[in-house]
Amino acid sequence: MHEMALCEGIVEIVEAEARKGAFSKVKTVWLEIGALSHVAPEALRFCFEAVTAHTIARGAALEIIEQKGSAWCLGCSRSVEISRRYDACSECGSHQLQVTGGEDMRVKELEVE
């Protein structure tokens, strides 16, 4: 389960921001997770609670904003939405797609005290 390691990375980011911003408690963490990122949101929620137990993010709410996948079709030169890497272009049916979005996971915002 790589979500545990991802949550540990999130805590590192939160703690680094706490040092920079001089806050002592995190109330909410907003994450953007791309549809093509291979991150399971429910597994991430479970791991987040365990990993944050003894940190400044203990008890913090985890809000997940799911981002759609997108790609550029080399066949018809259009930007299209995709939900899986092997999807066909919704405009022309081509499988010659170059992924342009939806692969990332990032901390978007923190609510702190």
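Using the three backbone atoms N, Cα and C, a Cβ is placed for every residue, glycine included.
As written in Swiss-Prot, here are the features:
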type    : residues                   : note
BINDING : HIS2                       : Ni(2+) binding site
BINDING : CYS73, CYS76, CYS89, CYS92 : Zn(2+) binding site
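Known features from Swiss-Prot, placed on the structure.
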residue	record	Cβ neighbours (10 Å)
HIS2	Ni(2+) binding site	12
CYS73	Zn(2+) binding site	21
CYS76	Zn(2+) binding site	14
CYS89	Zn(2+) binding site	19
CYS92	Zn(2+) binding site	13
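Annotated pair CYS73 (Zn(2+) binding site) and the residue listed as 'Ni(2+) binding site', C-alpha to C-alpha distance, rounded: 31 Å. Cβ atoms within 8 Å of the centroid of the Cβ atoms of CYS73, CYS76, CYS89, CYS92 (the Zn(2+) site) belong to the same-chain residues LEU74, GLY75, SER77, ARG78, VAL80, SER90, GLU91, GLY93, SER94, GLN96, LEU97, site residues excluded. Closest to the residue listed as 'Ni(2+) binding site' in space, going by CA atoms and restricting to the binding-site residues CYS76, CYS89, CYS92, is CYS89.
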